[in-house]
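If you check TrEMBL, you get these features:
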BINDING   Gly277, Pro278, Val279, Gly280, Ala281, Gly282, Lys283, Ser284, Thr285  ATP binding site
COMPBIAS  15-27  compositional bias 'Basic residues'
COMPBIAS  28-38  compositional bias 'Basic and acidic residues'
COMPBIAS  46-79  compositional bias 'Basic and acidic residues'
COMPBIAS  118-127  compositional bias 'Basic and acidic residues'
COMPBIAS  182-198  compositional bias 'Basic and acidic residues'
COMPBIAS  226-240  compositional bias 'Low complexity'
COMPBIAS  247-258  compositional bias 'Basic residues'
DOMAIN    273-471  domain 'Cytidylate kinase'
REGION    1-265  region 'Disordered'
Amino acid sequence: MAGFESAPRAPGSAARRRFRRVRARSHRVADRPDRPDPEDQAQPLDPRDERLGPGAVADDRDRRQQQRAADRPGDRGAPERPPLVADPLGAGLRDRDRSRPAGEVVGEADVGPADETGPERQREPDVGRGQPVRGLGDRAPVQVDHGRRQQQQVADRQQQQDDRAGAWPAEDVAQGQAPGEQHPEGDLADGDQRDEHPPTAWRPSGPVPSAGGLKRGPPNGGAGAPAGATEGRTAAPPARGADRSRPARPIRRARRGTPSRAAPPSILAPMLVAIDGPVGAGKSTVARAVAQRLGFTYLDTGAMYRCVALAAIEDEAADHVRDVAVLHIDFEGDRVLLDHSEVTEAIRAPEVSRRSSQVAADPHVREALVDRQRKLTERGDWVAEGRDIGTVVRPDAELKVFLTASDEERAARRAAQTGRGLEQELADLRERDLRDRTREASPLRRAEDAVELDTTGLAFEQVVERIAALVAEVRQAANRERT
Ligand SMILES: Nc1ncnc2c1ncn2[C@@H]1O[C@H](COP(=O)(O)OP(=O)(O)OP(=O)(O)O)[C@@H](O)[C@H]1O
Ligand SMILES: Nc1ccn([C@@H]2O[C@H](COP(=O)(O)O)[C@@H](O)[C@H]2O)c(=O)n1
């Protein structure tokens, strides 16, 4: 469908800025010369270090004395070798000048369990958790380590986490796997950061999430809609989501000692998918299904305008006026509430549809609703749909999709949904589209950086598939940019 003027790109695309910022900060921490390399944070071996068994201390002291004698300047002209240091990760002794052969046994460490050795010691065997720890509950030989083993362990662990979350292959998306859903909490090493990025606003255990707004779904999911696409529209509490501006995990892990040579840890930054488009393009059914697939929260901003329209109609009848600023618009699972009364069905009436595009032209109404929509989508992962998500509400959306379809196809879809005549639907949607496109305040238009998807002739599943693949591409690009 043609004729949609595109809105200018948001300056500098905040999505990119955010990812760049995250990347810059994690590199700053890892690479800053004033911040010691984790290897250098290792403390010289202290004979009083209770983490090492007495055998280790004695062995090492003897060893150092022998070494000093052997290396004494004048004897062979060799400089005194730096002492062995306890690895900061607690797994062995680090030989900084790598002059001792890796694997050489230089002592013994007590790796007894917590109840015998106290919480401090309990942490040590956690290094490389998931791999066998030699002599757990026993004394184990302490070997010279050139750091590669630890690096490998960190890298392996990183890889596992990337596999689970960050790199999110398109095939996984196609199979409906959402990252984070399978995070085995206990899999991370002690002291490692738990998944601090948004546990997405809410992860559905059942069908479609739909925190923000709810639309009456098409019967049986609509033409081609997957079974259950209209079920289980459950409100999600967005407050549980993560702060979209807080790139916590990679930075803290980098400080903790990820070797700077290893790839920086991946992040799964919060994501907002903006879906805009004209009447009947499929925004709500598609957005809801995409959200379900990805474990994101679905926001139907049209439902909010519909509530305002319904309030206006009711106010006219009651001869009083409620200001939009004091209207309570709430979402409770499948239900839409206006001033604490359920209006889920009422806001879908044709009269309300018509009126909604009128109230939506009022800048005062838009300002109030846009403000709420921004607050709602501040945290967590969202699929938000409407007319101005990518242009006004969240021009920083990580992915913007502009859905269209021919007028005739949209009218036919609507007619199948409502049972009204095709001509009537066609006239209604054209009237609404015209108002939405030509109003002064936030007219309907495609954001310059939105992907336009003409769904004419496309099956519902194909549209969902395409958007899910786009999400995967965006995530992968963000991960590539970061590394
Ligand atoms: N690709 C598709 N192929 C066939 N039917 C579709 C497709 N996408 C959506 N539909 C159906 O078209 C109808 C309208 O879709 P939907 O309500 O999602 O549109 P919308 O863009 O949200 O419209 P509005 O802005 O008016 O709320 C629904 O019955 C839906 O099942
Ligand atoms: N972001 C939005 C969403 C909706 N509108 C207006 O509300 C009307 C109803 O929207 P539906 O998506 O539920 O059909 C719509 O015609 C628009 O006028 C809006 O302006 N901005």
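Heads up, the Cβ atoms here are built off N, Cα and C, so glycines get one too.
Ranking the binding-site residues Val279, Ala281 by other CB atoms within 10 A of the CB puts Val279 at the bottom.
The number of other CB atoms found within 10 A of the CB of Gly277 (ATP binding site), across every protein chain shown, is 29. Averaged over the domain 'Cytidylate kinase' (273-471), the predicted model reaches a pLDDT of 95. Around the Cβ of Lys283 (ATP binding site), a 10 Å sphere holds 27 further Cβ atoms from the protein chains shown. Of all the Cβ atoms in the protein chains shown, 26 others lie within 10 Å of the Cβ of Thr285 (ATP binding site).
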